[in-house]
Amino acid sequence: MQRARPTLWAAALTLLVLLRGPPVARAGASSAGLGPVVRCEPCDARALAQCAPPPAVCAELVREPGCGCCLTCALSEGQPCGIYTERCGSGLRCQPSPDEARPLQALLDGRGLCVNASAVSRLRAYLLPAPPAPGNASESEEDRSAGSVESPSVSSTHRVSDPKFHPLHSKIIIIKKGHAKDSQRYKVDYESQSTDTQNFSSESKRETEYGPCRREMEDTLNHLKFLNVLSPRGVHIPNCDKKGFYKKKQCRPSKGRKRGFCWCVDKYGQPLPGYTTKGKEDVHCYSMQSK
């Protein structure tokens, strides 16, 4: 289990590196105050002393994936790569296939490819064009207006007479919005009043349908829902019959060294006279048994 933790951290860090972009972009993000997501332990002399000698025949040596400090052979262009494989060489990035339906899963399975980083950047810029700057918003609007189907022979006076730009039309829109807002407010108030009425009717219906024991049990269970720490001390779930009234024998459970006890009540939960046996475990309630 302890050996699996560094592997998981290495996989998480490698995935973040692949998704966050090249080292230049990551350095810019760190200088902007974002900072790295995962901080690796420094590769000091003690960590480097535990590394095995690097392979003898390697075109390029790179660090192990994730937070590893040892050196290993870099992957060349076109070789398969992924989260758990070695790093790609200089100027290369591990990318899933363009037609891959599940790109992240492909990287986890090692089905990516080491491709040229500059080609990846050009492809990303082509597929994901940068949003227009705030200062060029008006220019883009003018370009879209110029490229519309509107004939250039239409005079400017005809555009001004458009009812959308008429002051009276603007006032009508404001009035309609005000009416819609008032009607929506009335609708919300009406729905809240109707909901309160329904809740009151359901509460009154519950009072007539269920007995006092059932109501106490439901109130206790509802109270337990809002407790952050559930403790058996002080929590008593009553013993109810099918009609919601109290059964004759009510008991409290044992709490550690303190033994539980039982007592006798009537159908409304009132203690029965003559049954002063509170504190005894074996209690027999004979008369007035609730059905």
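Including glycine, each Cβ sits where the backbone N, Cα and C put it.
Here the structure is a predicted model, which means the values were calculated and not measured.
Taken from Swiss-Prot, the feature signal peptide covers 1-27.
Among the features that Swiss-Prot reports, region 'IGF-binding' is placed at 28-134.
Residues or ranges marked as domain 'IGFBP N-terminal' by Swiss-Prot on the basis of sequence analysis: 36-117.
DSSP assigns Cys67 (disulfide bond) to coil in the three-state reduction, outside any helix or strand. Sequence annotations record features per position, and here Swiss-Prot assigns disulfide bond to Cys40-Cys67 (among others).
According to Swiss-Prot, the feature disulfide bond maps to Cys43-Cys69 (among others), an assignment based on experimental evidence. Over all protein chains present, the Cβ of Cys69 (disulfide bond) has 17 other Cβ atoms lying within 10 Å.
Under the three-state DSSP scheme, Cys51 (disulfide bond) falls in the coil class. Cβ neighbours within 10 Å of Cys51 (disulfide bond), excluding its own Cβ and spanning all shown chains: 14. According to Swiss-Prot, the disulfide bond annotation covers Cys51-Cys70 (among others), on the basis of experimental evidence.
According to Swiss-Prot, the disulfide bond annotation covers Cys58-Cys73 (among others). The secondary structure of Cys58 (disulfide bond), as reduced to three states from DSSP, is coil rather than helix or strand. Annotation for Cys58 (disulfide bond): spatial neighbours Thr72, Cys73, Ala74, criterion Cβ-Cβ under 8 Å with sequence separation of six or more.
Positions annotated as disulfide bond by Swiss-Prot, on the basis of experimental evidence: Cys81-Cys94 (among others).
Counted within 10 Å of its Cβ, the other Cβ atoms near Cys114 (disulfide bond) come to 23, all protein chains included. The disulfide bond annotation in Swiss-Prot covers Cys88-Cys114 (among others).
Asn116 (N-linked glycosylation site) falls within a strand when secondary structure is assigned with DSSP. Around the Cβ of Asn116 (N-linked glycosylation site), a 10 Å sphere holds 15 further Cβ atoms from the protein chains shown. Summarising the annotation, Swiss-Prot assigns N-linked glycosylation site to Asn116 (among others).
Under the heading region 'Disordered', Swiss-Prot lists 130-162 (among others).
The N-linked glycosylation site annotation in Swiss-Prot covers Asn136 (among others).
Residues annotated as compositional bias 'Low complexity' in Swiss-Prot: 146-156.
If you look up Swiss-Prot, you'll see Ser148 (among others) marked as phosphoserine, on the strength of experimental evidence.
Feature annotation from Swiss-Prot assigns region 'Disordered' to 189-211 (among others).
Summarising the annotation, Swiss-Prot assigns phosphoserine to Ser194 (among others) and lists experimental evidence as the type of evidence.
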Entries of Cys88, Cys240, Cys262, Cys264 which, being disulfide-bonded residues, have CA atoms within 10 angstroms of Cys69 (disulfide bond): none
Between Cys251 (disulfide bond) and Cys67 (disulfide bond): CA-CA distance (Å): 60
Per DSSP, three-state class assigned to Cys240 (disulfide bond): strand
Cys114 (disulfide bond) to Cys94 (disulfide bond) - Cα separation in whole Å: 5
Per-residue Cβ crowding (10 Å cut-off), top of disulfide-bonded residues Cys43, Cys240: Cys240
